[in-house]
Amino acid sequence: MDKERKRSHASRCLIFVCTTLLAINNVLGNDLNGQCLPHSSQYSVKTIEENADITIGVILNVHETGSNGVYDCGNVTREGITVFEALEWVIGLINQESGAINGNLVTESFIPGIKLGVKVCDACNHRDVSVRHLTKLYPIIESGTNNCYTNDVPELQTVGVLDKTDISLDPAISKYSQQNFIPLVSLSHKSAVPPDTVGKVLAQIMHDLEWSQIVVLHENDEHSIHVVKMLGQIALSNRICLVAVNALPTSEKSIEDMTSFFNSITSQTSQNIPIFVIGNGVVVNRLIDIMLENVEISTRFQWLFTTLPEPEAIRSLAQKLSANVYALAAYPGSISMFEDFWQQLQLPTHNVKPKTWFDEFVEFTKKCEGSNCLSKQLPEAQIDVLWRTHYSLPAIHSVFTFAHALRNAWLSYCHGSPGFCPRMKQLSRRDFVTLFLEPIQFEHSSMARSPPEVSGRKSEKTRAGEIEGLHLSIVKFEYRGTGNVDYAHIIVYDTATETTNVINDHIGFKPSPCPQEGCHKCVKVRQSRIDDNKDLKELDSIVQSQVAPQISANFKKTWGMITSTFSGIGVMAVLACGVYFLMLFPITVGTTVLGYFILLGLFTLFSVNFLFLIPVDFPICWLRRFGMPVAYSIMLSGMLVKVMNTWRLMSYRYARVKEMKLTSACALLFIAIGLVLLQLIVTTVWLFIYPPKPGFHDGVWSCSQNNINFIVETESVVSLMYIMLLLVITIFFAALTWKCCENNHEPRYIMFCCIGMATTWIIWTIFASLFITTRVSREMTIICVNLFNAALIMITLFLRKLYIYRKLLQKARSDRDYKKRLQPSSFPGSMYGTVHKTNPIVWDNQANVDPIYGKRNATRPPFETDQIDDGASSCGSTTGSVQVQAEDLYPMEVYDGGSQFQAVSSLFNANSNRSVYLMDDSTYIR
């Protein structure tokens, strides 16, 4: 018994010693070469396609950070496993040597005789581990440049690195990579789409959804800043109002700082205004958490994310924020071939294989482990497919980029011979990058093994990894209950052709137009903030000046189309009248030249109306303020010189002055131009002293800072004062010449025009100031008044002359038979219906010489009446010279030296037996 007890005691001691030694060995075994290895170090590197001839390195955060050590790895992340499985699937697609791809039979791999592989290095969200993986793939980055590594990659074992951990953004790493021709491609989705493309799509979304004012929140990284820069440029040119542009607090900031930032932004933003969140990562996730904690505040706005958040975050946002969540996503949102591969991963047959990263993901998602996970089927929702497609596209495109570059190198060096040829084995990194990778151009197509749902291309201008021409869409999320979230593509944007396609026009959205009084407190993005490489700061660093609210072209509005049509008709009518009068009336006779001068003013006034239909800008405001007063001054100057000349001639006749000055056509035109030049000087000086300042003033986008209750800007009133003075003087002299019958009472019609313009201006100013407060209505009123004044002058002064001339021609034709009975004269008539002075005609056998003017007097033949059909009477007498100076826009053929029209001699043949009574141009009629 004692021996058995001793043996039992000895065995127990032996077991204790062995156990202790094993424990010590395990502890010491975890310390290798002085390095503490991660808890999950056995999963740190996985290779896709073990027998690959060429390998692409991938640094990926498959696991999240663990809690058992500095470099420990935790659970598998959804994004990490999605990218990893996308890489596994696309490598299999490229290396496939048989079967069918996209309906096309294949008999060899994409690069015949060469297999492409991927070495995935898991960094577990540790930056130091990411750098360590990179230096293992390319020791030259750690050791520095030497001749052994500068140009050669032995057998092209690793052609480049795909980075999903953002170490490629590190300046030092980026510098050494470029110096040693190491392709380091970012797999971040926000880096996959060029920032200019994102900015243009966001601007188009604002236009399509009628969002005239927005708030922009963006991440503090280079890509997001470039997006903001492009959006700011488009906003400035398209009159989009950026209410605020703020950088999100960095991840180093506390939760309290993010909450304070959120409250500050939302308290200064009006309800229903869209808020664009540009970027992704930790800061965006923290913003989403704050939004979910402040649901009442968040539901007041519409939210657009340029990168899809996690599905769980989308579900929470859609549920709590109702239908106010949008996102920018790839279209069509599903890659059928990859989805089939994803479903195959969940089949039970995969259980016979060693435990994979996907198995870990299933266990983590289903909260089970080992044999307890009888099924690997994962719960799926529509939003999961969209999210998986969105995050797998950059990896798929990047692998195809390397594959196309390697295929081109193989075609160039191996000339179609399968496998590696000796020359390709000696291909250096420098030659591969500069000759094949950087200039590679390809477009995703079914013939090149790309899935049909994958759009875009790689051009020579874009970097490796950037997708140009991708189809993007704006997606709206809606909560359907029981945790289900549906999404719908509203509009698809083809970034290659810059075209849009409405997919679902039944989806409701809330427009965000500027209020009736206009958008306030718009900001302008400082354009130099990218070029000078300065750090992004808060709102104060990007607010430079005010930007006007969005102003759509007034030509598209109903009132704009109507007024522009009438203005165009007016321009054409003035041109037609001018051409017609030039064909019939000599410009050097009397005041005819002033008629053409007034037509020039009418043409200018009709044309100025179009300036009030163009969106406000400095040149437009300058031309408005300059053009309208000049147009009125031209018209009023012509009319004023007309009535003043008539008044002078009347005064000279009654005073029997022997000599009259400044009554020729050139002199009258010179006086009118002088009056206009005075207006030009006044307006120009005033424009330089007080130049237009277009901007958002008092709730109205106008040419100057002025109260909206004034129909005309204060700066314009000074230049219009001269016009008012001309108007008053013209009315005064028109009243003095009221009894004058020259040109069929033309002074009366000039007075009527001036009184009509003055009355219109008074009504315009009073009623417009009382009832019209919007910018568009004010411009419409100005155009309408201009149209009325121009039409009034056109009708009373010019169309009236055409009417009288037409009546005269009708009367001349009706008198042909009557004039046949008259005896023909013994002399031929001149072209203007007059005879030479050497052959005066004296009727009633009486001829007297006027003692003042030295001219013969005559009376009308007894058969000529003093009336014509339009009721104009022969009034008074005047000298021949006086009459010629006073006539305006009447052909010399139709008057006889007096005030009334006579028969047109050109209607008759001078050699015929028809008798025409002709007057000497010096004849004076009593």
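Note that Cβ sites are derived from N, Cα and C of the backbone, with glycine treated the same way.
Feature list (source: TrEMBL):
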type	residues	note
SIGNAL	1-29	signal peptide
TRANSMEM	559-582	transmembrane segment
DOMAIN	587-804	domain 'G-protein coupled receptors family 3 profile'
TRANSMEM	594-614	transmembrane segment
TRANSMEM	626-644	transmembrane segment
TRANSMEM	665-689	transmembrane segment
TRANSMEM	719-738	transmembrane segment
TRANSMEM	750-774	transmembrane segment
TRANSMEM	780-799	transmembrane segment
- Note on the structure: Top stretch by Cβ pairs under 8 Å to the transmembrane segment (594-614) (candidates 559-582, 665-689, 780-799) is 559-582
- Item | Residue numbers, six or more beyond the limits of the transmembrane segment (626-644), whose CB comes under 8 Å of its CB atoms | 591, 594-595, 597-598, 600-602, 604-605, 607-608, 611, 668, 671-673, 675-676, 679-680, 683-684, 687, 716, 719-720, 722-723, 726-727, 729-730, 733-734, 736-737, 746-747, 750-751, 753-754, 782, 786, 789, 793, 888
- For the domain 'G-protein coupled receptors family 3 profile' (587-804), would you mind checking the mean pLDDT of the predicted model? 77
- Same-chain residues at least 6 beyond the ends of the transmembrane segment (559-582) with CB under 8 Å of its CB atoms are 553, 595-596, 599, 602-603, 606-607, 609-610, 613, 776, 780, 783-784, 787, 790-791, 794, 798-799, 802, 889
